[in-house]
Amino acid sequence: MAASEEMSSLFPIFILSVMGLFTVPWTIYRISNFTGMRKKNLNCRCSECVRAPKNQTSLSQKVWKFLTFSNVALVTSWLIIFVLFYYIKISTRESQPFDPFLILGLEASASDNDIKKAYRRLSILYHPDKNPDPEANKYFVDFIAKAYQALTDPVSRENFAKYGHPDGRQGMQMGIALPKFLLDIHGAAGGLLLIAIVGVGVLFPLMGAVWYLRQSAKYTGNYVMHQTISSYYRNMKPSLAPSKVLEVLVQAAEFVEIPVRHRDEVPLQKLFLIVRSELNLDPKNMKSEQQKFLKKRHPAFIKAELLLLAQLTREYNGIPPEMKADFDLVMNIVPRLMEELMKIALIPRTVEGHGWLRPALSIMEFSQSIVQAVPLSARKVSERAANVSADGIAPFLQLPHFDENVVKKLGRKKMRSFQELRELSKESRADLLKTAGGFSQQEVEDVEAVLDMMPNISVEVKCTTEGEEGIQEGDIVTMEAWITLQRENGLIAAHPHAPHFPQVKDELYWLLLADQLANSVWTKQRITFMDESTSIAAASKIIGESVEGTGADDTEVNKAVKEAVQRVKGGARLVMEKFQAPAEGTYKLTAFCLCDTWLGCDKKVNVTLKVAKRSRPVLRPGVSQGEGVQLLEDGIDEADEVDDDADEDYESEYSDENDEDDEEEKERIKEATANLLEKDNDSSSSSSDDEHND
């Protein structure tokens, strides 16, 4: 029994060690994240954002926010560790190794007379004839008498000096890290307990793992269902207009899982009447249009579309109370659905492996409108609004205290674009807002806070062929782009001003190198300014490998890497992509840097790519002409599908303004194509003559 007690005492130590392996790193990770988040305030500080429900937390909400599963589990783990530590300390104090000098209160150099004096002194206190206490009797027999014998007997004392025990060398003991009650159970009770332990410790986790795998099999790495991706791919069009993005977005399998109850019928009809202005319906036949809209698709898609339209029109207060939870769920899903929709638009669709540009631009415009709660109709420049703003009133509406009437008043003062308002000095802008817009000082400060938060983007793009001068047909072209973000308030990473969006949204940017005439995206890259450490590591690796490839020494490589790190810390991000050079010609490309949260902050830069005729052999393995191209379903021809599905009324703020240049470019492309066909015909006819002569 004593041996089993000693072995079972290892169980607390085993549990303490296992919990420490998980709890200590977990605590360090949580503390580092908390301190990183507390360094700077990344939120907008205007009065609208401060009053927004997502930024207001009561005491009870703070308590519930802290009482998450992760926090509770972490605190519980530390409590268990402290209890185990205290228990182990007490148990080890009671089971200290046998030390006769310590028991008798002597030094290791004590003489025989000192040993006898100490024994007599303790005998008076603990001897059974002097002290009737049973505990004192047990302590005297087990410790004092044994310690006196060990120090007075020459053999015992020699064993203690050599082996640390009066009985001589002790054999090695093996322990089992199990609690004592498991070692004492016999018979049927032990078998039942073993089955229970196996069930709780093995079967339940196994069932949980099976359930998790079945659920995760429906989702991709971005937590989007595979069924949703298939639906988006089928419904994506080469010229998807911004007004059509919503119809594609709502056809997600995630929305089908949101219940549509019978009691939702009347609230949905009321919500339809609130947002019908954005549906482009015939006002003369509103009843028939309403019936047609509410019955044309799956009820879950209709519900999601109406809730998203309520977000676009800022009609959150018009949503029935019984549908507020559904609205929050829809808005929580939308950001990752928009990101996945963008990826679907950029999937290679052409023979050259290029994605589609127009749907990508439309998706970004719709994402900006959703985050800022700006109607898509506000982005159109109608004849009535042309005298108000050259780019519509949508960019103005993202500023606090702005509405259509304020924009009209500014238009009368010759303030016709959002960029002109941003370029004004703070004094001139404050004077304009006070005199023309009727703003108070607090409202002017709110506008300035948002303008200081808005990003200023600059893009530097360079296309080269490594190790060669110029670009020739079939070369692997390296696009190196630096995207720099600056704000007036000095921040780099920040959360956008979005008081009408119910969740905290991080800024996300996309860099596209595209041919607007061909509606094709040559390269694309997702960019974020929230994680500086990852960006530094990526830029250091890219620049280091690039400079090493030129044959530079370590000093030059370290210098280039150091400069790249400084640029990243200053708000720049490095993007490096490779693509195969097309046929001979001059290509007028455009580099787009698109933001999914801010209106009027996108940047585009013209890039001219000159490709010469091949005059040198291909020294590096290139990309095959059809590599990476995803075939269309059912064998449909690409050109036929593009012509059939193109939206004739496609409008985007990125469309070219000079139509004459477009026509000239198209004529140039036609002439080049005709010349190539003529050369091919000549070569084929000459080869036919040679075969005939043979």
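Glycine residues also receive a Cβ, built from the backbone N, Cα and C atoms like all the rest.
Sequence annotations record features per position, and here TrEMBL assigns compositional bias 'Acidic residues' to 634-665. Taken from TrEMBL, the feature compositional bias 'Basic and acidic residues' applies to 666-682. Residues annotated as domain 'J' in TrEMBL: 99-164. For 620-694, the entry in TrEMBL reads region 'Disordered'. Among the features that TrEMBL reports, transmembrane segment is placed at 12-31, 66-88, 188-213.
For the domain 'J' (99-164), the model gives a mean pLDDT of 79. Taking DSSP states H, G and I as helix and E and B as strand, the domain 'J' (99-164) has 49 helix, 0 strand, 17 coil. Beyond the ends of the transmembrane segment (66-88), by six or more residues, the same chain brings 12-13, 15-16, 19-20, 22-23, 26-27, 30 to within a C-beta distance below 8 angstroms of the stretch.
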